[in-house]
Amino acid sequence: INCIIISIFSAHPTTFLKGTLLKDEYCPNTSLLLAICAACIGGTFQYGYNISIINSPTKSVQNFINQTWLERYEENISEQYLTLLWSSIVSIFTIGGFIGATIGGTLAIRFGRKGTLMMNNAFALLAALLMGLSYPTGLFELLIIGRFFTGVNAGIGICVQPLYLGEIAPRALRGAMAMGTSIFITGGILTGQVIGLNELLGKEEYWPILLSTTCIPAFLQLLILPWFPESPRYLLIDRGDDVGCGTAMKQLHGTDNFDREREDMERERISAMGIKPKKPWELFMDRSLRWQVLTIIVINAAQQLNGINAIYFYTDYVFEEAGIPEVNIPYVTVGTGACECLTALTCGMLIESLGRKVLIIGGYTLMAFWCICFTLTLTFQGAGPWIPYLSMGCVFAFILSFGMGPGGVTNILITELFTQTTRPAAYMIGGSVNWLSFFFIGMAFPFIVTKLQQYCFLVFLVVCVLVAVYIFLVVPETKNKTFLEIQIEFQSGEKRKASKADHSPRTTMLSTPL
């Protein structure tokens, strides 16, 4: 992925971004690209990877639990209790993620963005050790504890890593560079799907090794990330380290390319002077931030409730109906992962020319359209031999739309809608909402499918339409704007609404006597 990104920018000394032709000063430094990769490999890559690899060893882990239970109690485990234990192993990941998201912002303020990412690897290494020891020790409880720690690692990573990316990238390339979050999530999912194939670590005897491979990205980050600097914004605004900020910017942006960025940071530092970083509950109490807070709640909840999980739930059924042999379905599933990864890369190349608002509204609109199409094809699945292939097309089209819109843009908006003193708390709120929505859809989705069957996509259709309308009406375009300019635009919008509310009663009172 790193080679692809570098080749895209290095092959062309001028790149068409922001709707205008940018000169060399806007091309990212190689050090910046490598810093992004170093942060992502142990951050959101772990999130995608640990979501993906748990699917392959399902039967193997269940057999291990049953065998362990038989050795302990000399009887087979009941089907209901086995299901409960397996569900605990899978769902405890979201509980750990929620806890990680709630503490990630606080850690980022105290230890820095880079420092928190480095410390976070301890959770991944501990999780790998526990899950690897579960089989030789005969303790399936270690799997539950290990999955909990992988969740904590993923929760902190998905909170702090986008924060780091958004703060080290120059304004003109902030969207494209921050797409590393989405690219590495989808890359992690794809890698987990490939590693879980029978030809690699998907065989029954290899499942302890498969679950322990979460240590590899952690080791890579511990080896690579120390060579890159802390976030310049954090050093200047939070720590007051003027020299450290200059050194970091020189390494990330080159010797002559950071004057404009430094001016933006200075203005933000002056505006934040004397203001301490805010806590999450303080954001809820600040009326000037209510629309930003509401926006991150809406887009993070919608990212899990928009139907992407339902699409993956139906993929095996759709592929079977299309005549794909059962043994080949895992390889086709890898195709869906590759499709999502490709769209994330494409979104990264388009986001600075089309803008955030166009992509996310367009993504949700297309997802709503494909919800209708998928509902129709599932309803009339037996109407003709060609209908299952239309269903397959809807699966890939929905995934493409998700990757081009909400999958890629959501995390960037959280970075851009807040300033330095409020951004960590905003990520804590957004991450918590995301993980709670993830947990809710995991618990409620089986019941939704049982009751509504293929018509469950009509529920997701409503979600997609409502979110698209909300973003169109409330969220401004943030492309190529400083964080202060975006905040002022939100505040000026609120003042206009307040002004209209104040003047409308007076007009009515005056017009009545006249």
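Here the Cβ of each residue, glycine as well, is placed from N, Cα and C on the backbone.
These features come from TrEMBL:
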type	residues	note
DOMAIN	36-479	domain 'Major facilitator superfamily (MFS) profile'
TRANSMEM	84-109	transmembrane segment
TRANSMEM	121-138	transmembrane segment
TRANSMEM	144-164	transmembrane segment
TRANSMEM	176-195	transmembrane segment
TRANSMEM	207-228	transmembrane segment
TRANSMEM	293-314	transmembrane segment
TRANSMEM	329-351	transmembrane segment
TRANSMEM	358-380	transmembrane segment
TRANSMEM	386-414	transmembrane segment
TRANSMEM	426-449	transmembrane segment
TRANSMEM	455-475	transmembrane segment
Do at least three C-beta pairs under 8 angstroms join the transmembrane segment (293-314) to the transmembrane segment (121-138), pairs 6 or more apart in sequence?
no
Highest-contact recorded stretch vs the transmembrane segment (329-351), from 121-138, 176-195, 207-228, 455-475, CB pairs under 8 Å:
176-195
Is the transmembrane segment (358-380) close to the transmembrane segment (455-475), in the sense of at least 3 CB pairs under 8 angstroms with a sequence gap of 6 or more?
yes
What residues elsewhere in the chain lie close to the transmembrane segment (176-195), defined as a C-beta under 8 angstroms and at least 6 residues from its ends?
1, 5, 17, 28, 32-33, 36-37, 39-41, 43-53, 55-56, 158, 161-162, 165-166, 168-170, 201-202, 210, 213, 330, 333-334, 337-338, 340-341, 343-345, 347-349, 351-352, 403, 407-408, 411-412, 415
So, does the transmembrane segment (207-228) come close enough to the transmembrane segment (121-138) to give 3+ Cβ pairs below 8 Å, pairs being at least 6 apart in sequence?
yes
If you average pLDDT over the domain 'Major facilitator superfamily (MFS) profile' (36-479), what do you get?
87
